[in-house]
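Listed features, source TrEMBL:
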type     : residues : note
COMPBIAS : 394-404  : compositional bias 'Basic and acidic residues'
DOMAIN   : 135-245  : domain 'SPK'
DOMAIN   : 277-387  : domain 'SPK'
REGION   : 394-451  : region 'Disordered'
Amino acid sequence: MDLLEFLKKESLLTVKPLSILQLARKFKRMSGSSTETELIETEIYGHQRRIPTYSEIDWITRIRMMFTLGYIIYKEEIKEWNLHKYGEIKLNQSSRILTFVPKDKSYRLEGDFDEILAEEERMDCHIANGLKSEDDLLFLKFIAEKSLNVTAPLTIISLCDEYIKECGVPKTINTLQGYIRQIRSAIPHTIYFDLERKVRMMFAISAKIEKEFLAELQKDAFVALDDQQHIIEYRSNDNSIHLKGLHDSAAKVGTRGDDSIGASISAKKPFFYTPQQCEDLFDHLALRAFQATEPLNVKRLISNYNKDKGITQSKLPMNAFISSLFETIKAKDDWSLQQRVQMLFVLGVKLDSDYVTVLEKKADVVTDYEMRITKYSSHREKFHLEVINEEKEKEVEVKAEERMRRSRRTNPVVSEDQKPFGTPSKKLKLEPKNEEPSETPPDAQDDADRTRNDVAEPAVVKSEGTIPLLHILEGLKMMVEELNSLNLSADIKKIDKSLRDAKNKDISILVCHLDIALQSCFLLSTKRLHNVWSAESEKPYGEFVRIFNKTISSWNSPGLAELQTIINGNLAEKNKKFVSMGSFSSGLNHILAVIIP
């Protein structure tokens, strides 16, 4: 097939300007050429520049080619070639043909080629900046390639797994699934792919079809959608394309009965669940999750289920099924939010940052570094879930007791000038001299005695004038222990490493983790300290802030300024607080090293 003849034919068939990139891809596909698309695109631009010189082509056709391919033509050239005798020509700001109506008014060409260029530039920018790396761009090309000859919806988990194995990229299946969710909504609005490629990709990766795009498709084809707005059948009017298949979210982890793609995958890989087995297994997990009050080992549940049902398989199908749980649970529109959260929490399902944001509008949510829910407290309903790690709590208690014993063994009572740097001095006069003792219930008094006994004796002299300071120290101690139980120190190391390696990577999820961690620190610090203060003191909260500020003003350590800001902050504006986790951590560590035994 001759490229010039192809361009001539395409120009005569359209009344709108066309993308050079689309034309290059279409020619490569129709001609079966082995030439790279980029080289064909360059050749088309060469033909674009030479259109006026093709004397073997009549001027009407050349005008249509100029319009279609975005040829830049100046008014002087229009006069020189006497083109007005063929019809009415209007140019845009960049001197490309905007409209053309022939003398007989048999048709009308109208469209701005500059808009095509702008859209391609936005798509290029999306690839350059949005995908963040060559690996992501490679994945986009991989999906487009796999969609070319598709005849039934692809298995998303297997597609991601195949990409990881074939290309050897350091990506997780969850990461790739997140990117697929992004391109599903972007495909209809870009001219980076022609209509046929868009249809094949959206069908292959189970993208939802919007009404506007559906209307465009129905001009040249029969289109049928399921109740989730996925294409289940597409048949072009000229019968050049026929796509047919069902989209079952639970079946995406395995084969689809008799479809060829599922069969080919199962021939190469271990046995996968059938759609009915997926549904039965999901119902079994849901039943166990709704009966549980703490996280369960989902792999053990599935293994026991397989054993009871006589199902023998490798780990790959199990991991694939687990990876699909988030999308499956999220799509359960007939479930209440409480039911969905209960199952996500109990099964330890990894979320994405968008869904966490949705949940945070209705509850206080804390997740670990893998985006699993560790704490959920509804704002309106009495619904609370929290991971209780008893072993971690015991470990923290043992370490605290060991520090106390070591401190009392190695630190005898010393004079004022021999105290370690940072130890609060009696000269600070932290409390008014005339303080009336508050009435305290016996139980609370016992707790207070234990509290005072737990604090290092060398650091603070136990007298009535320093009891409020003891409350502060106890509050800090409780806060640090609870932060330790959340294992934020491990998160800090991962965050620091990620920040160092994040030069060309998307750090939106990282920032989300950081924000959640900081909000947790903020809530714990203010609530813990305030609660301890209020439990045994009739002084107002403002007095607590004053004493705390005066206490830490004698210390000099990175992070204490941020810590001071957090303590002073208003709980209602916690989302506006954002400080360096490293600085915050160093401030807490300083307090630990100096005043906490």
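Note: Cβ is positioned from N, Cα and C throughout, glycine not excepted.
Note that TrEMBL annotation is computational and uncurated.
Mean pLDDT for the domain 'SPK' (135-245) in the predicted structure: 80. Per DSSP, the secondary structure of the domain 'SPK' (277-387) breaks down as 61 helix, 14 strand, 36 coil. Taken residue by residue, the domain 'SPK' (135-245) breaks down under DSSP into 59 helix, 16 strand, 36 coil.
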